[in-house]
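Below is one structure, written out as structure tokens, with a few remarks after it.
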Amino acid sequence: MTENRIRQVFRERKEQGKTVTVAGPMVRYSKLPFRALVRHFDCDVVYSPMMLAREFCRNQTARLCDFTTNKDDFPLIVQLGGNNAEDMVKAVKMLQPYVDGVGINCGCPIKEQIREGVGAALMTAPDLVAEMVAAIRKECGAEIYVEVKMRIHKDLNDTVHFAKLVEAAGADSISVHGRLVPQRSRTAPNYDGIKIVKDSVDVPVIANGDAFTTTNIEEIVELTGCDGVMAARGILSNPAMFAGYTKTPWRAVELFWDYVTAYGLPYALTIHHFSEMLEAELTRYEKKDLNNCKNMVELINWFDDRFDLKRPGDEDFAIRDEYPWKNRTSFVYN
């Protein structure tokens, strides 16, 4: 039997004494063009955005809108939101031929999802989550990788209980966001809480929360002892962060343009990605000017007017790190 590609990554990184790098699930933004981009920059495992298992099973339009992939999109974990084992198993069976693993979302704090018993609502239902894991493992076999993404509880004993239950049910790994359900990014992650989970289970544990630089990642690993580190906001603003870049290099911009045009991405998502990626390069005026673009034609013209933007087949395409400005003073007003 061929080894699952995600299990292989964890095994190889452990043998190498390295940390597994993970691009976490981001609503709207972890789509195929972005996943393809981060794979160029030392990202080991990439997630899709969360998809609702019930809608994915029942609605062909939802499937077509929510999930696209290709032969180069691996290792890939599709994150699912659900409130019962039956929907989860049905969705996993449909996805299994195209992905390496599935993740169960137990951390999404969006109120609408919690009201439906999805996401962070599952933090108070560890037995149900364990039932989902066991059902996927029973119905879909050992080949599929099963991950659970959770937050921490106020009482860390509850967190340990949760982690041990899903491990016993057959989870391959556990990702831990080191914040309580009500807490947002302005609250520092509780890395001690993540470490307690790591010390309590035998499966790999991935630390999630405030990963922005390689130095920062090393500190997180030192504090938690985790096998991997997951980034979301950090990798959205700098897709090359795992490769040691402190800001988005120009070649990432050209690569992303290539993937957007090749695979397609709604304009609103495209401009948001570029706004995030160029945050450290642009002045306030330049960013405002960028965000004034109204469609894809205006956006590509904005780039062509200001930069020496190469296309695939051009000499120097996607090899330059510095931004190739054209007479920047013509556009800078502070």
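The first residue you see is number 1, and the count goes up from there.
Even glycines carry a Cβ here, placed using N, Cα and C.
TrEMBL annotations: computationally assigned, not manually curated.
For C108, the entry in TrEMBL reads active site, proton donor. Within the same chain, residues at least 6 positions away in sequence whose Cβ sits under 8 Å from that of C108 (active site, proton donor) are M50, G81, I114, V118, G119, A120. Under DSSP, C108 (active site, proton donor) is assigned to coil, being neither helix nor strand in the three-state scheme.
The FMN binding site annotation in TrEMBL covers P25, M26, V27, Q79, H177, A232, R233. Long-range Cβ contacts of A232 (FMN binding site) within its own chain (separation 6+, distance under 8 Å): A23, G24, P25, M26, N208.
The domain 'DUS-like FMN-binding' annotation in TrEMBL covers 22-285.
Over all protein chains present, the Cβ of R233 (FMN binding site) has 15 other Cβ atoms lying within 10 Å.
For V27 (FMN binding site), applying a Cβ distance below 8 Å and a minimum sequence separation of six or more within one chain yields P49, M50.
Annotation for Q79 (FMN binding site): same-chain Cβ neighbours under 8 Å, separated by at least 6 residues, are P25, Y47, S48, P49, M50, M51, V102, G103, I104, N105, K149.
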